[in-house]
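Asker: This is the structure, below, for whatever I ask next.
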Amino acid sequence: MQQEKQTIKDFAAFCTKEYKDDNNELEIIKEFASNYEPSNAIWWYTRECFTYKMLNKALRTLNGDIIVRMGFFLRDVHRQIQELYEKQVSQYDGKPFKVYRGQGLYADDFKKLEKNKGGLISFNNFLSTSSNEHESFIFAGRASEKEGMVGVLFEITIDPSISSIPFASLKEVSDSKTEEEILFSMHTVFRTGEIQKFGDNDYLYQVELKLTSDDDEQLRQLTDSIRKEAAGTTGWARLGNLLLTIGQLDKAEELYNTLLEQAVTDIDKVVFYHQLGVMKHHQRQYKEAVSFYEKSNKLMIQIRPANDPAVATSYNNIGLVYENIGDYTKALEYYDKAVKICKESLPENDPLFASEYNNIAVVYKNMGDYSTALEYYDKALKISKASLPENHPSLCTSYNNIGDVYSQMGDYNKALEYYHKDLEIAKKALPDNHPDLVTCYNNIGVVYKNIAENSKALEYYAKALKICKAILSENHPLLASLYNNIGLVYNNMGDYPRCLENYREALKIRESALLPSDPLMAISYSNMGSIYDSMGDYSTALEYFEKALKIREAVLLPNHPDLATIHLNLAACYERIGNYLAALKALQNAFQIQEKAFQVDNPAFAFTFNRFGSVYRASKNYTMALEYFEKSLSAFQKTLPDKHPYIALAYTNIGDVNRLMRNYEKALSFHQKALDIQENVQCDPSYCATTYINLGETYREMKDYSTALKYLQKGLHIREQQLPKYHPDLAAVYHRLAKLYLATQEYNSAMNNVQQAVDIAQEKLASNHPHLIEYRETFEDIRKKL
């Protein structure tokens, strides 16, 4: 940049504030501001002062603010190492030699190193080593004495005849010219060899490392993909990529706008417009993202060949935005353009194809076309396996994506299989606190939540939360997502106070970190609505659902599926308060959106048909209820396995309507079909409770009172474990038990149960709610018998 001197002054001013109470460092900072030159960067790096401390802290913690301020220094140190390497490499006469490094590793990190024997290891900083083995061993020994640490003496073999990452002897340029120091540039990659313990000391080891060569196939595959991911026309552009990667979006925007103002060539403008598009995409400002991407694309097709892979990437990014706003037709249009270009210009196993196929698969998954989604994910996985090392993090993405599809299909065993493959690679390839591990733990937690293994779900969410708290600010949106997921588990468990506590924590974070119109705010409002709905506080639930709808309508296309979800939530709430006309209107809104957004066999229709059936059943229109429940079953059967819990839900709903229509044999048949699934697969126990209660009511109407009592008590037992004391769903069971005891002339038991039903309904339902009216009528019938 032109303002290089000003950048140095700004950095010095920043450091002055950081070290305002350290007079010695303040003097050194003044010296730095006056005397610093790129040619003495290493001298400043090796000097025991603020430069070394701040740079290593920034790289260790990925502090974007400091990294930006020290970008010039990072560049200068690397360039000087490169210059020294070119001068010195001939002095080694091509003969291998050894250097050493003594340091401490946390015990867990050392275990990972042991498991990765023969694999690759990279250091995320400038790596200082020494030709003095004895002094390095002393450093390792001291580290081993610290609690929780393992001392490691790295013995590094360097073959100077191999072209590799630059390294340099610092004897002539270091602040301490007596040290025999060899400094490697950032991200040097080594292959691990033998790992041996020193004597009987379990906390002191020697680890052999060998500097990898450019023709190391595993390294070549790894670094090629990383270089593509971190591509940039200048060091400053690459710094912007780093800031995007670590979530420092404001700093990245500031940097790219400055670079755009100073851009001279169209090539630079293409890059900077593109990166601004990436940033706006991250911020979910989709209109702005499309605008920047299209500016980049317009310039690119003027200066690049029509079949250049870079043009494909541009189309791909535009498609991704349309996917995010729910315009799947547009998304597929741009993804198809990208694939067409790739087929004209790249070999069929190029990694870019994997990216394109993954994106197409996501669209089909969102459209509910799971078989086509799996087809494209499998194509992507085959390419990735052929072109990447077996422990490359990109394979994690493929396994995770396939796991997602199986999870949505309800094949939870398959989902866990792929999620654990994802986790296994991530644990080997990534540090313990890497954000990708959060995704792994979270996805496994989601599956366990869906199969009601709540303790396991909470265990994995806790692992994800621990990482987030260690590496993220306290108001980071990812923390909010985890609190939401934890809340969902407590909702499943019927622990509504703890569910509400986690939802509130998520909402608090999002309110402090996001704009009021951010789509994630809508998710929080929807979750708050759901918990109040579950607690029977329907008026508060409606308030939150309306807030969520307002945001969704402001930022999404009119036919985005997320709008349909909000309308479905509203419909369920209106049904529970007995406002069936409002419920049907909300359902019609949801259905009209889905008709425009989805293909006819999308499973989303099944949920909408199910809710239609539920509303018609509640309003006693049993013919329409049966029609919609049968539509729901048919839609589920087109896309889900035969034993999926949702198919069981459809069976029990059809059975219940047949009961209401007095088709008792049909009712029993469908309820038994439901139980055959629910009692033999992993699913939410509340589904079983519903079937037991419906069976109990069927047997009561058939006057088989002993069987009826058995099933009603089984259903009540599950609901009492899951729901708070004054939940309307408990009132429904108490009322059914009251009617059973009334029929068997056990009037005291009948009165006890109907009293509980009336008490709950009076607390939670409107005075004119049909259920409360019915419970009071039953109360009067029983009272007359006493």
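Note that the numbers count up from 1, one per residue, in the order the chain is shown.
Cβ coordinates are placed from backbone N, Cα and C, and glycine is handled just like the others.
TrEMBL: automatically predicted annotations, no manual curation.
Sharing the feature lines straight out of TrEMBL:
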- 312-345: repeat 'TPR' (REPEAT)
- 354-387: repeat 'TPR' (REPEAT)
- 396-429: repeat 'TPR' (REPEAT)
- 438-471: repeat 'TPR' (REPEAT)
- 480-513: repeat 'TPR' (REPEAT)
- 522-555: repeat 'TPR' (REPEAT)
- 564-597: repeat 'TPR' (REPEAT)
- 606-639: repeat 'TPR' (REPEAT)
- 648-681: repeat 'TPR' (REPEAT)
- 689-722: repeat 'TPR' (REPEAT)
- 731-764: repeat 'TPR' (REPEAT)
Asker: Looking only at residues six or more beyond either end of the repeat 'TPR' (312-345), which have a C-beta under 8 A from one in the stretch?
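Answerer: For the repeat 'TPR' (312-345), the far contacts come to 274, 277-278, 281, 284, 286, 289-290, 293-294, 296-297, 300, 306, 352-353, 355-357, 359-360, 362-363, 366-367, 556-557, 559-562, 597.
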Asker: Can you tell me the mean pLDDT for the repeat 'TPR' (564-597)?
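Answerer: Taking every residue in the repeat 'TPR' (564-597) and averaging pLDDT yields 93.
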Asker: Within the repeat 'TPR' (480-513), how many residues are helix, strand or coil going by DSSP?
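Answerer: Its residues divide into 31 helix, 0 strand, 3 coil.
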Asker: Where among 606-639, 648-681, 731-764 do we find the most Cβ pairs under 8 Å to the repeat 'TPR' (522-555)?
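Answerer: Ranked by Cβ pairs under 8 Å, first place goes to 731-764.
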Asker: Per DSSP, what is the residue count of the repeat 'TPR' (438-471) in each of helix, strand and coil?
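Answerer: Split into helix, strand and coil, the repeat 'TPR' (438-471) gives 31 helix, 0 strand, 3 coil.
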Asker: According to DSSP, how is the repeat 'TPR' (522-555) divided among helix, strand and coil residues?
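Answerer: Secondary-structure breakdown of the repeat 'TPR' (522-555): 31 helix, 0 strand, 3 coil.
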Asker: Should anything in the same chain at least six residues away from the repeat 'TPR' (648-681) have a Cβ under 8 Å from its Cβ atoms, list it; otherwise answer none.
Answerer: 606, 610, 613-614, 617, 620, 622, 625-626, 629-630, 632-633, 636, 687-688, 690-691, 694-695, 697-698, 701-702
Asker: Under the DSSP assignment, what numbers of helix, strand and coil residues are found in the repeat 'TPR' (606-639)?
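Answerer: Its residues divide into 31 helix, 0 strand, 3 coil.
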Asker: Tell me the residue counts in helix, strand and coil for the repeat 'TPR' (689-722), as DSSP assigns them.
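Answerer: Looking at the repeat 'TPR' (689-722) with DSSP, the answer is 31 helix, 0 strand, 3 coil.
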Asker: What does DSSP give as the helix, strand and coil breakdown of the repeat 'TPR' (354-387)?
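Answerer: Summed over the repeat 'TPR' (354-387), the classes give 31 helix, 0 strand, 3 coil.
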Asker: Can you break down the repeat 'TPR' (312-345) into helix, strand and coil residue counts using DSSP?
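Answerer: Per-class counts: 31 helix, 0 strand, 3 coil.
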